[in-house]
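Asker: Sharing a structure with you now.
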Amino acid sequence: MNKDLTRIVVENEMNSSPIDCKIVNEALKSLALVDNNSRPKELFPEIVKDSSGEEIHITYSKQSTGPDRQTWGGKIEFLCSCVAMAVGLGNVWRFPYLCYKNGGGAFLVPYFSMLFLVGLPLFFMELAFGQFASLGPITVWSISPLFKGIGYGMVIASFILSTYYNVIIAQSLYYLFASFNTVLPWMFCDTTIKNSSCFDSTMDIYNWSLAHPNSTKVSPSEQYFEKNVLNISGSILDLGAPQWKLCLCLLLAWIVVLAVLLKGINSLGKVAYFTAIFPYVILCILLIRGSLLPGAMQGIIFYIKPRFDRIRDSKVWTDAATQIFFSLSCCNGNLITMSSYNNFKNNCCRDAVFVAILNCATSIFAGFVIFTNLGFMAHLKNTTIDNVVDKGPGLAFVVYPEALTHMFMAPLWSICFFLMMITLGFGSQFAIVETVLAGIQDELRRLRLLKSQFHVIIFRVSICILCFLLGIPMTCRGGMYILNMLDYVISGYVLLVLALLEIIVICYFYGINRFRKDIALMTTKRPNWYWRIMWMYISPGVISLLIIFYFVSGDTLKYGDFSYPQSFVTLTHFIALFPLIFVPSVFIYRYCKEGGWIILREVIKPKSEWGPADEENRQVFISSIMRMDEQSNAISGSKEAKMPSPDNMSTPIGDSFFQSKRSLLSKFSEVAAKENSKNPSN
């Protein structure tokens with residue numbers, strides 16, 4: 001029975017009187033939750049004290065999501081799931097590059113500043129938000145139904161992310177299977193590929209220059225990635241057919257996702273132990289191996305040597321804020337979903353601090369792993385690290401694999417590296433897909449469309465099949481251009497706008513004091529002044545600046561040297577607006593549904609003073625309106641309408657040509673009364 005209950009009312013004794021137990025008991029009887037002889041103690045109003053000694057009164061109500069909503073098997077399962085979700089591919093291939101580009105060790109100053117100004121406050125807010133309501137990212141917006149579109153936007157953003165994120169995992173699977181060879185296939189140039197400018201480090205550079213006098217040389221690993229794995233075309237307009245090997249890897253990736261999420265978090269929680277811990281084991285092994293390579297120390301020095309002149313550049317601070325925001329999975333619904341399965345009394349503040357700091361520490365640690373190998377590569381090529389470093393997929397699928405080929409027992413180290421990449425990817429992908437599934441599933445359950453566990457399974461299988469089908473175009477020859485385009489959308493302003501709206505609704509519409517009381521109800525301790533200032537002022541201010549900077553910077557959509565046609569740039573903007581369009585759409589729908597349309601029609605009518613100034617002409621004008629209303633009423637069978645005048649202050653809503661002179665509050669009250677008369681059961 002207790003699983004069907006949730007605390008819903010928090011009253012501060014300073015602001016309201018204590019709750020009447022008799023009223024609560026009668027309400028519980030009417031809900032058949034208690035009878036005359038059996039009254040569970042936990043159903044009575046409770047009184048708890050927060051850290052300041054103030055008493056908080058609690059009542060209970062039935063949970064709206066149904067009795068079958070799952071919960072984590074334990075605290076460790078939740079923490080492992082959050083760590084696996086937050087620590088993803090970006091920690092390995094994006095942060096090290098940003099750190100190198102933006103001042104080395106000096107980059108940690110803006111990085112940790114943005115952690116405490118934006119990342120951590122948002123992380124804590126979303127964990128508390130989801131845990132308090134135990135609802136998915138859509139249904140949780142019962143906190144403010146007019147803004148339920150924010151939840152739809154989050155789920156759609158996660159849906160888009162899930163379609164291309166699994167393609168990256170599929171590419172890692174491709175490399176993993178290719179690593180089961182005595183010699184890594186990207187160690188030497190593939191001579192069967194025509195018109196290739198591949199330069200093998202074992203080839204005589206003079207002979208290569210004679211053979212390719214006007215070509216830009218590429219490494220064997222770069223040739224393998226572009227020509228074997230992707231078989232990339234020259235343009236997005238040349239999409240081509242799916243690469244069947246990569247397509248099979250994508251199918252395998254979705255089968256793994258479905259197998260883990262088919263039973264919800266019951267299975268996800270168990271898998272999270274592996275996805276959270278295994279990458280750290282491999283990172284430690286790779287760091288030990290990399291530190292023993294020649295040139296490793298030069299790579300580490302290059303990575304951590306501070307260049308404080310760089311932190312005067314505003315772009316460095318925006319890079320730090322963006323990396324923190326996206327690496328913590330803020331405002332795409334993941335945190336709300338994961339915390340919604342928590343125990344109500346869980347200390348979500350402590351969890352937020354632990355996971356956020358561990359995520360940042362992992363990024364720094366991964367940088368050491370990457371730069372030991374980059375230093376090794378620079379040593380082999382007798383060049384500087386600037387000439388070997390790359391960002392994003394290029395770092396994970398070109399530069400690092402090339403370094404692996406020069407190690408003793410290279411296939412073994414390659415297997416370890418790509419197993420880590422796959423595990424990191426799946427850890428995040430499980431949370432992303434569960435966000436989509438839980439968000440839609442809670443809505444369908446609320447509408448009573450999922451009536452059994454069989455229906456839930458069919459629903460989950462259908463969503464995964466749909467995502468797989470949408471991912472197939474990204475396995476084609478021009479698929480990398482599509483993937484890059486979608487990544488450009490998700491890493492842009494979409495989630496930033498949703499984050500800003502979320503903060504405004506929770507802190508200003510719902511109320512920051514009420515939200516802090518809700519957290520005190522769960523943890524018996526109200527968030528202190530730091531959280532209040534961050535939520536109310538600093539975090540929304542920083543996010544607003546990031547949005548402005550995004551539009552001012554004017555970054556162009558490119559993949560390598562390829563510039564997208566203007567039609568695809570326009571399409572990218574439409575895709576970016578798609579999750580956001582639900583915010584005003586749902587707002588207008590809910591506003592009209594609750595009677596706002598009637599009020600809107602009323603306030604756009606002319607006032608009773610409207611008309612000719614001359615009294616004689618005014619009477620003719622009024623008479624013509626009266627005749628028009630009488631004809632209309634005769635057709636509809638209604639009574640004669642009353643014409644408002646300056647002396648008539650109580651004309652009913654919608655009964656005349658002129659606007660009613662009642663106050664807006666009275667108009668809303670009248671609309672509500674009319675709606676109640678139509679639906680007496682409510």
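Glycine is no exception: its Cβ is also placed from the backbone N, Cα and C atoms.
Those TrEMBL annotations? Automatic predictions, nothing curated.
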Asker: Which residue of N347, N359, N387 does TrEMBL report at the same Na(+) site as A86, V87, N91, S327, L424, S428?
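Answerer: Between N347, N359, N387, TrEMBL records just one in the Na(+) site with A86, V87, N91, S327, L424, S428, namely N359.
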Asker: When you check TrEMBL, which of C189, C247 turns out to share a disulphide bond with C198?
Answerer: C189
Asker: Can you tell me which recorded stretch out of 108-129, 150-177, 412-433, 572-592 has the most Cβ pairs within less than 8 Å of the transmembrane segment (324-341)?
Answerer: 108-129
Asker: May I ask whether the transmembrane segment (108-129) has at least three C-beta pairs under 8 Å with the transmembrane segment (412-433), counting pairs 6 or more apart in sequence?
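Answerer: These two stretches do not touch.
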Asker: For the transmembrane segment (108-129) and the transmembrane segment (277-304), decide whether they are in contact, meaning at least 3 CB pairs lie under 8 A, counting pairs 6 or more apart in sequence.
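Answerer: No, the transmembrane segment (108-129) and the transmembrane segment (277-304) are not in contact.
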Asker: Looking at the transmembrane segment (492-512) and the transmembrane segment (150-177), are there 3+ C-beta pairs under 8 A, with each pair at least 6 apart in sequence?
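Answerer: These two segments touch.
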Asker: Using a cut-off of under 8 Å between C-beta atoms, tell me which stretch among 150-177, 243-265, 353-376, 533-552, 572-592 contacts the transmembrane segment (277-304) the most.
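Answerer: Most Cβ pairs under 8 Å with the transmembrane segment (277-304) come from 353-376.
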Asker: In terms of Cβ proximity under 8 Å, which residues at least six beyond the ends of the transmembrane segment (533-552) contact it?
Answerer: 114, 116-118, 120-122, 125, 314, 318, 321-322, 325, 492-493, 496-497, 499-500, 503-504, 506-507, 512, 515
Asker: Measuring Cα to Cα, how far is V87 (Na(+) binding site) from C189 (disulfide bond) in Å?
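Answerer: The separation of the Cα atoms works out to 34 Å.
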Asker: Which residues of the same chain, at least 6 positions away in sequence, have a Cβ lying under 8 Å from the Cβ of A86 (Na(+) binding site)?
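Answerer: For A86 (Na(+) binding site), the qualifying residues are S327, L328, S329, V355, A356, L358, N359, S428.
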Asker: In the three-state scheme derived from DSSP, which category covers V87 (Na(+) binding site)?
Answerer: coil
